[in-house]
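Novice: Swiss-Prot feature annotations, pasted as is:
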- 14: active site (ACT_SITE)
């Protein structure tokens with residue numbers, strides 16, 4: 001039996017921490033880190049110009065939806081800081097969603113609007129939403145880095161309070177006057 005997969009391309013700071021968390025998310029089949037969103041061909045760690053460090057995620061849409069993947073993405077990095085995650089600063093560490101089709105674009109924009117309206121995050125989302133372009137796979141030493149170096153650097157963690165209420169819950173919250 002062949003599993004149907006979808007592809008997501010996300011950037012949220014250093015790709016090591018993003019990959020370590022996303023690879024374990026239910027429905028994720030494979031991940032690889034690389035560079036995208038810039039103008040340098042054949043990007044490498046030493047020469048990636050204005051590309052973002054990104055992660056390509058292949059997932060089973062019968063197990064997890066693109067929306068669920070994005071909600072988790074927004075929990076594991078700070079989408080309210082421009083060109084920065086933790087101590088890492090610069091365009092390489094920007095928050096971005098690189099959509100592969102118009103449906104992904106719509107879902108990304110809708111999710112960002114709901115996050116901004118929720119008031120749960122410390123500021124407004126600055127995540128770029130851009131069409132996916134070439135993805136340059138990072139060098140082998142960057143793939144699954146935190147699997148090989150468990151105490152290696154990361155600034156990514158799950159923020160339990162940064163979770164959007166389910167849509168039906170959101171209506172109940174508004175009706176209950178909690179917001």
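The backbone N, Cα and C atoms fix where each Cβ goes, glycine too.
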Novice: Under a three-state reduction of DSSP output, how is the residue listed as 'active site' classified: helix, strand, or coil?
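Specialist: DSSP call for the residue listed as 'active site': coil, neither helix nor strand.
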Novice: Which number gives the other C-beta atoms within 10 angstroms of the C-beta of the residue listed as 'active site', all protein chains shown included?
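Specialist: There are 23 such Cβ atoms around the residue listed as 'active site'.
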